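TrEMBL lists S890, K933 with the feature active site. As annotated by TrEMBL, ATP binding site applies to G493, P494, P495, G496, V497, G498, K499, T500. Summarising the annotation, TrEMBL assigns compositional bias 'Gly residues' to 42-55. Residues or ranges marked as compositional bias 'Basic and acidic residues' in TrEMBL: 78-89, 742-751. Look at TrEMBL and you will find 136-340 tagged as domain 'Lon N-terminal'. Per TrEMBL, domain 'Lon proteolytic' is recorded for 799-984. Annotated region 'Disordered' per TrEMBL: 37-96, 662-692, 742-774, in sequence order.
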Amino acid sequence: MTSSSVLHSLSDASRICLRDPLHYQVVHVPVRSVASWWGKGNTEGGGENGGGGTGKGDKKKKGGGGEKPDASAPGGEEGGHVGSGDRGRQSTGGGDRVVVVENRTKGSHSSGAEASTLDAVAKVGAGENAPRHPHVLALPIMRRPFFPGLVQAVNITSPKVFEAISSIKNDYGHYYVGTFLRKEDPGEGSPPEVITDLSQIYQTGTLAQVQNTIPLGMGGQVVLVSHRRIKIDGSIALGPPLRVKVSHLEGRAYDPDSTLIKAYSNEVVSTVRELVKVNPLFKEHFNFYTQKIDIVDPFRLADFAATLSTAEGKELQEVLEELDAEKRLNKALILIKKELELGKIQQEIQQQVEAKISQKQREYFLMEQLKYIKKELGMEKDDKEALLTKFRERIKTLQVPKLAQAAIDEELEKLESLEKNSSEFNVTRNYLEWLTSLPWGVTSEENFDLKRAKVILDEDHYGLQDIKNRILEFMAVSKLKGSTQGKILCFVGPPGVGKTSIGKSIARALGRAFHRFSVGGLYDVAEIKGHRRTYVGAMPGKIIQCLKTVQTSNPLVLIDEVDKLGRDRGDPASALLELLDPNQNESFIDHYLDVPVDVSKVLFICTANLIDTIPGPLLDRMEVIRLSGYDLPEKVAIAQQYLIPKAREEAGIPMPSIEGREEAGLEGGKEGHVETKEGEGGEEAMEKKPHSAMDIPENVRITEGAIDSLIRWYCREAGVRNLEKHIEKICRKLAHEVVQKAEGVEPKGADELGPGGGEESGQGEEDVATREDWSVTEKNLEKYVGKRVFTSDRLYEGGAPPGVVMGLSWTAMGGASLYIEVQSVRHKSSGGGTLTSTGQMGSVMEESTRIAHTFARRKLEDFQADNAFFDTHDLHMHVPEGSIPKEGPSAGVTMTTALLSLALNRSVRADVAMTGEISLTGKVLPVGGIKEKTIAARRSGVTCLIFPHGNKKDFEELPGYLKEGLEVHFATVYNDVFDCAFAEESGGGGGSGGFLAPKE
């Protein structure tokens, strides 16, 4: 090779180095250092832009600027020996020279045209022939150690370290650094190349040749080629950069003919080949290194195997530190085996995922082919065409209004022009689904047979005559008009009186479809009026959903708990105005549909416990029907006719036959008719059900006395829900006893009866095991339902002391007796006359106390002018059961009477109870809940009642059995109350016998 073939640019140098990075490197050398770099005998070459020239030996020939080198000069052909057999090339370019260094030993040759170019490149040591410098710059690295024979790019974040490596030739006279693995991560923000103690890195590392440096921000990237193992003997400076003394390690001698080493080598090669099959990512890596290393060399083979492993840095460091061939192969084999198992697991996961994906793709392709085949055969239309056909078929037989029909036609045209995959397509499709699913013009055939309707209503509910009469009136009007109509009714009453359950009975009696939804706690207007279609997941309101469900435009819709509407997102009560207004609901517009919908034929029934919380405008649109609750005779009848047969059937105890019922002494009439019907069903069930073979006594029953006591002492609420629970409990316990007797298991007798079992419980086991009478009576009732909840009807038995008067109140649970207690404390100093009130009184009731106090002072002054009781005493008024909030003005006359009773030191009649609002001038004003208060008075054994004169008509409307035996006074002014309350007992009324005795 002559000097004319000297490289002239960096691109020429990079081309050689990139072709084989293990044997060549690019080095930037200042022009002034070229001669010293080449050594004695080097010639200083010139390029096209520099002062070039060639020479031989120590002679130098200066070339002219811009001239090409002299072709005849050998240009350093015989010089430039840095080490044994090392050659270098240089090219000019500006102030630095680009030198290509060939890393190969003596005697190695390149073939063809490449050999002629590379023969002139100066050589440096490679692998085990690399220079053995005693001092090197140490570069700590992370994660994995750097094995000999690898090319690796290392990112350096420390500016000082990168600057030192970039100028390594000038500072150290060579291009080699030592790479050492850090033991622990220095943490975020700390450069890994900087250490404070040698113990932070492993002492065994690798000598690496700097191939290239690339500045990046504050630091840079360094391309390194590793050569051999080195070990730290001591530190020169901790830096940064770190400078250390090193010793170069050699592999220990081994027997090339060792059977164990050959076996290890073969197993490593075999495992690597399997790994390449399992993980194709290693294939290129394997092909490259098998050409560069001798797999016969166990040291190189172990290093290569370790590089394929993704093991932790500590495990790889053990392989790096091992100098024994057999042990190094063993450790490398373990790591590569782990990698193989990991690859197999990864391959299994990949196969499972691909199988699922392939199956789905196969199904998709088959479905698409099936669709195409059906379409070609005319068996199936396109999805869009099928949708359009379905929507058009739906509305063919419907009487769709013009506005709704126009909206449907417009949306159908829009759907035809949309792509199936567009979001607008699904929105339009859902809109058409709702529009075409409504029962436009479809009505169900109604029942106008009043007799049949009355039978149906009486079958399911006892009493409730006001509601039943209103439904029959509704049917009569519809029959006369010859057309159906809608109404808005509101049932108001205590819980458990049958407001919700009677809705189904009414729908069955009318022959209408039934739908119920509750608005208790509903706070979003969109639940009533629907969402706008612009929202994701928009839906129509509840009434439109109801029409779609029942598929008729004249259903019975029960809106439950209308008094418990919430208020958060708007006002749902106001949203109900349009729906429940008979003058507006012919064209009810839902926000989602945005077309008028006629709901005027819907019969709306609302339920509520109180009307106080229902907004006035909404209440004005509803026809209110009050349910006052059930009294004792009504509850007894309901229990006998409905609750007991139902509970017995659920407990597996059929109703007795007609003969058995007569032997048990049950009454006939309507009550007997219902039981006969249930009894016949029970006998049929005994033949079909598994438990029918068991001998169930005919006289298993609950007597009327037991029902009376159950209602009086356990279930005083206005409804029958709690009564039903207690009856079910009794039936379950009876079923338990029947099965125990049939199986021969003897109960514990007295223990089972529990405390209070009475004389009957004293019979013990003999009574239960051999008993013939299975009746639940008033005496053994506690055995089944426990101790009494209410121990007395009245707080003050035998008459109340002065200052205590019984009043009557109304609550959402029904009527209740309410005592007003007043006590006084003499004021020791001058003054007095204060009034304190307790008992959780509301603001209206607090005002009633002040009115009563003022009027009582005035009344006492008129009655006993010399009585200064109110002036010399501080008064305290209390209403017992202080945990229960109380509100309302109806206790005004009771408070006034209690104050006067204390002031006069005179008790009122023992059998009197009163209610009424009092004005400041002594007028007695009417109040509500007369029926409930009358029931509460009879329950408490009161026979003399004082009502406002304005409530006389309400009392006269009560059933006769409620008025029987009562002495009732109607007061216009308070003097009427005073005369009655402080008069002697008339003895009329006959006590409570009329209420407690069974109805004849």
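Quick reminder: no glycine exception, Cβ is built from N, Cα and C everywhere.
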Inter-residue Cα distance where the pair is S890 (active site) and V497 (ATP binding site), in Å: 24
Most Cβ neighbours inside 10 Å, all chains, among the recorded positions K499, K933: K933
Least surrounded among the binding-site residues, given as G493, P494, P495, G496, G498, when other CB atoms within 10 Å are counted: P495
Among T500, S890, the one of these recorded positions whose Cβ has the fewest neighbouring Cβ atoms within 10 Å: T500
Pairwise Cα distance for S890 (active site)/K933 (active site) [Å, integer]: 11
Between K933 (active site) and P494 (ATP binding site): CA-CA distance (Å): 14
Proximal residue to K933 (active site) among binding-site residues G493, P495, G496, T500 (C-alpha distance): G493
8 Å Cβ shell about G493, P494, P495, G496, V497, G498, K499, T500 centroid, ATP site members excluded: F491, T607, N609, L627, G629, A718, G719, R721
Surrounding CB atoms that lie within 10 Å of the CB of V497 (ATP binding site), all protein chains: 25
Across the domain 'Lon proteolytic' (799-984), average pLDDT on the 0 to 100 scale: 87
